[in-house]
Amino acid sequence: SPHILTMYWSLSVSVFAIGGMISSFTVGWIGDRLGRVKAMLVVNVLSIAGNLLMGLAKFGPSHMLIIAGRAVTGLYCGLSSGLVPMYVSEVSPTALRGALGTLHQLAIVTGILISQVLGLDFLLGNDEMWPLLLGLSGVAALLQFFLLLLCPESPRYLYIKLGKVEEAKKSLKRLRGNCDPMKEIAEMEKEKQEAASEKKVSIRQLFTSSKYRQAVIVALMVQISQQFSGINAIFYYSTNIFERAGVDQPVYATIGVGVVNTVFTVISVFLVEKTGRRSLFLAGLMGMLISAVAMTVGLVLLSQFAWMSYVSMVAIFLFVIFFEVGPGPIPWFIVAELFSQGPRPAAIAIAGFCNWACNFIVGMCFQYIADLCGQYVFVIFAALLLVFFLFAYFKVPETKGKSFEEIAAVFRR
């Protein structure tokens, strides 16, 4: 029945996030236990396993194998989306930390664009080739496995967690070239002393200690704002939204969203260090708010004015552009910037869990809410975006160009 089909469709979309929710809690543990690089190497096994399940879906109950494969791949992505920003923030020079952190989001949106193109009917999105399409990202996991063998371990992890001074210096020289590593070693020593005075911080301590309360609230709210902004409603169901807007070839419009998504993520790499995190985050939220209102107006008036389909299309593209300017990339790396070495793994774990939980709620519920609210569905997201903008304006600090100690001092004040 249509109801059962909608349930399977929504579950296959959202179960990915359940895997992410579960595994995000183990990011700090596996990252500290194995080291950043070894942990990223090991978790690739989950990606390969999940993609094998989806790639072999034609040989069993297809819907169950796809749902299982999506769940296992979600486990991988929950770990990867915590480990990668943690590693990148720890190996990056302070002046380039934001730009390099944004590259994580660029890799994600590039993958989305490639999958959209390969999903066209005349390529892999047809009755014969779709299992290959679903299994292809296992190839990316294999590529990452071999490329990670070339990556040095995080000098911060080596120095602060393991106390291996010489290995940390060697890692810095591999990352920076022939420059003198002593300035960064001195910064790490300060951070190490601070971490030693803090001891190891558990997830429970993050919530119970007043010392971390404001930083935790900010970390959680930026994750909530990223997911409840409505962007995944666009990504998951954009073809359906374009159909409602009266677009003749909605699948190509969806690919256009992917292109815009990728291009403006590249632009944000250059903007984030020039403009700052906070200002870009605020600009992105306000732009998305205006776009959501315009999208709603276009969908509501479409029956009266045919040209309103163009208003809806432009609003969707602007929505994606403003998302990639700030709310898209910034939450992934700003959490690592808000906390010093002691509480960082626990903070990344809870932020990741929050992000994936919100992702699941949107993926599971949006189709039902869209059926209930019709053209007015994005009014809900517009109201939420207003709340997120006001919160960011009053509570989110600027972290551009600041050391981890300087950022911690902002919250202490």
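Placement of Cβ uses the backbone N, Cα and C atoms for every residue, glycine included.
Just so you know, TrEMBL annotations are computer predictions that nobody has curated.
Quantities reported herein were computed from a predicted structural model and do not represent experimental measurements.
TrEMBL annotations:
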type	residues	note
DOMAIN	1-400	domain 'Major facilitator superfamily (MFS) profile'
TRANSMEM	6-27	transmembrane segment
TRANSMEM	39-57	transmembrane segment
TRANSMEM	63-88	transmembrane segment
TRANSMEM	100-118	transmembrane segment
TRANSMEM	130-151	transmembrane segment
TRANSMEM	215-239	transmembrane segment
TRANSMEM	251-272	transmembrane segment
TRANSMEM	279-301	transmembrane segment
TRANSMEM	307-325	transmembrane segment
TRANSMEM	346-370	transmembrane segment
TRANSMEM	376-394	transmembrane segment
So, taking each listed stretch (130-151, 215-239, 251-272, 307-325, 346-370) in turn and counting its Cβ pairs to the transmembrane segment (279-301) that are under 8 angstroms, which one gives the highest count?
307-325
Quick check for me: are there 3+ Cβ pairs below 8 Å between the transmembrane segment (346-370) and the transmembrane segment (6-27), leaving out pairs under 6 residues apart?
yes
Sequence-remote partners of the transmembrane segment (307-325) [C-beta within less than 8 Å, at least six residues beyond its ends]:
105, 109, 229-231, 234, 238, 241-242, 245-247, 253, 256-257, 260-261, 264-265, 267-268, 271, 280, 283-288, 290-292, 294-295, 297-299, 301
Long-range environment of the transmembrane segment (251-272) - Cβ separation under 8 angstroms, sequence gap at least 6:
98-99, 101-103, 105-106, 109-110, 112-113, 116-117, 120, 234-235, 238-239, 242, 280, 313, 316-317, 320-321, 323-326, 328-330, 400
Counting a contact as 3 or more Cβ pairs under 8 Å, with residues at least 6 apart in sequence, do the transmembrane segment (6-27) and the transmembrane segment (63-88) touch?
yes
Which residues of the same chain, at least 6 past either end of the transmembrane segment (100-118), have a Cβ under 8 Å from a Cβ in it?
81, 84-85, 88-89, 92, 124-125, 133, 136-137, 140, 235, 254-255, 258-259, 261-262, 265-266, 268-269, 272, 324, 328-330, 332-334, 336
Residues sitting near the transmembrane segment (215-239): Cβ under 8 Å, six or more positions beyond its termini, same chain?
13, 112, 206-207, 250-251, 253-254, 257, 281, 285, 288, 292, 316, 319-320, 323, 327-328, 330-331, 334-335, 338-339, 347, 350-352, 354-355, 358-359, 361-363, 366-367, 370, 377-378, 380-381, 384-385, 388, 391-392, 395-397, 408, 411
